[in-house]
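Enquirer: Okay, here's the structure, questions in a sec.
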Amino acid sequence: MTTDTDLPTATRSNLTLVLTTGLHAFTHAYSVLIVPLYLLVVADLKLPGVKQAAIVVTIYNVVYWGLAFVSGILADRFNRKVLLGIGLLGNGLAVLAMGLTRTYEWLIVWAIVAGIAGSLFHPAANAMVPAHYPKSPGMAIGLLGAGSGLGFFLGPQYAGWRAESATWHLWSVADWQRPLIELGLIGLVIGVIFLIFAREAPSRIFRRRGDSGLPVPSAEILASMPEPPSLPINKANTLGKRLRWQVVGLAFTLGFRDFAGVAGLSLASIFLQKAYGYGAKEAGLVVGCMMLLSVIVNPLAVYLSPGRRRLPALIAHLVLGACLVPLASQAGSIVGVVILLCLFQTCQLGSYAISDAATLERVVPEVRGRVVGLFLSIAGTIGATGPWIMGAWVDSMGAGAANPANYFAPYMFLSVCLVWAMLSVLIIRRIGHAPDPNKRGFEVVKERAASGALSPVLGREV
């Protein structure tokens, strides 16, 4: 009988990548489950407007991203596989509870709990996955990014479909709550599977023994070692003042890219239902399809832009997205609207994978958790305000919300946000040199670890 520890190193890394990508999908599916259900929530809980429903998503995301730096510290200190598994289990339980509560106040409380649990994902995943693939960390990030598109596709589509078609009854559960209960339970199962079969990165296991003075073991031996519950943080690999401010600057530029993406999802759902008379099922399908292409685009964009091609590719994605999104309100037909919104979100999500790869390739594994956490605590919080702002903007239109042309202003604002995000390229370039894919590999990591030559920034003395 073959056990997990008997698997070859590459097989175990590939399995961990697949499972972590699945967690990525669930994390983002949970974050947008309520988006196509706004009007159902308003009607069921007798809320005064759409912004009251949208603020549930905003609160979830503010907590989710606001705690990212704390999660980044944990990711650099503790077993990241365990953190990821605990995060999905907690997120699933909170979403399940949101499906059972019958008061708006408790809906807010459980959204906060879900955000706390979900905040563990990105710093831990973005640090652990590339550490499994030291020869091609950028490509690993691209494949991991496919999970976001899958989650953004399945979450709204599943929520809208089950809200209208599910017929089972439990206590006083409303139609919009059934998909939350179902996906919450499925997430609990996936979380347990992840904890059983996923593995921490072999190079991370070596760090636990890095001060022993023993020769650096092979990748196969490292992979067979027991996973340590915690790891000492090497004080030589801290976020220096310069790197901290670079990450902060990056967050205040790309954060508006994040705002455009999150706000664009909520605005699309409201736009289709208010201006085109779509129901929750149809809106969920369209919002989900907006994300589907990114499942292919994310890894492909990273694959086609190695090394110095990353930053030009990032600019291209942002420029194209900025040009497409204002046209949605002027398309004149629902087919044109759907095509434009799908293309916009494809560019949007593709830019996530490219910017993550370009940044993390310039940062060594020992600080990736904190870099990701600091970045997301600012950028994610900026983006998290999107649903509430879009909900309030549409509420201010009054009866004019039924006119598609009135949505030009909010969509144009999203375009301006993407233009501002282009400044991030200047900051990423200053973080360090673009890596040479031909000179990267597990052996390089071992040599640098053994010699103590690890520094917070690749290719640049600090």
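These residue numbers are counts, starting from 1, taken along the chain as shown.
Glycine too: its Cβ is placed from the backbone N, Cα and C atoms.
Positions annotated as domain 'Major facilitator superfamily (MFS) profile' by TrEMBL: 15-432. Look at TrEMBL and you will find 17-41, 53-75, 82-101, 107-129, 141-159, 179-198, 247-271, 283-304, 311-328, 334-355, 367-389, 409-428 tagged as transmembrane segment.
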Enquirer: With the transmembrane segment (409-428) as the reference, find which of 82-101, 311-328, 367-389 contributes the most Cβ pairs under 8 Å.
Expert: 311-328
Enquirer: May I ask you to check whether the transmembrane segment (283-304) and the transmembrane segment (367-389) make contact, with contact taken as at least three Cβ pairs under 8 Å and only pairs 6 or more apart in sequence counted?
Expert: no
Enquirer: Looking only at the recorded stretches 53-75, 247-271, 334-355, which one has the largest tally of CB-CB distances under 8 Å to the transmembrane segment (141-159)?
Expert: 334-355
Enquirer: Any chance you could find the range in 53-75, 107-129, 311-328 with the most Cβ pairs under 8 Å to the transmembrane segment (367-389)?
Expert: 53-75
Enquirer: Which residues of the chain, 6 or more past the ends of the transmembrane segment (311-328), have a CB below 8 A from one of its CBs?
Expert: 257, 260, 264, 268, 271, 301, 304-305, 337, 340-341, 343-344, 347-348, 350-351, 354-355, 358, 407-408, 411-412, 414-416, 418-419, 421-422, 424-425, 428-429, 434
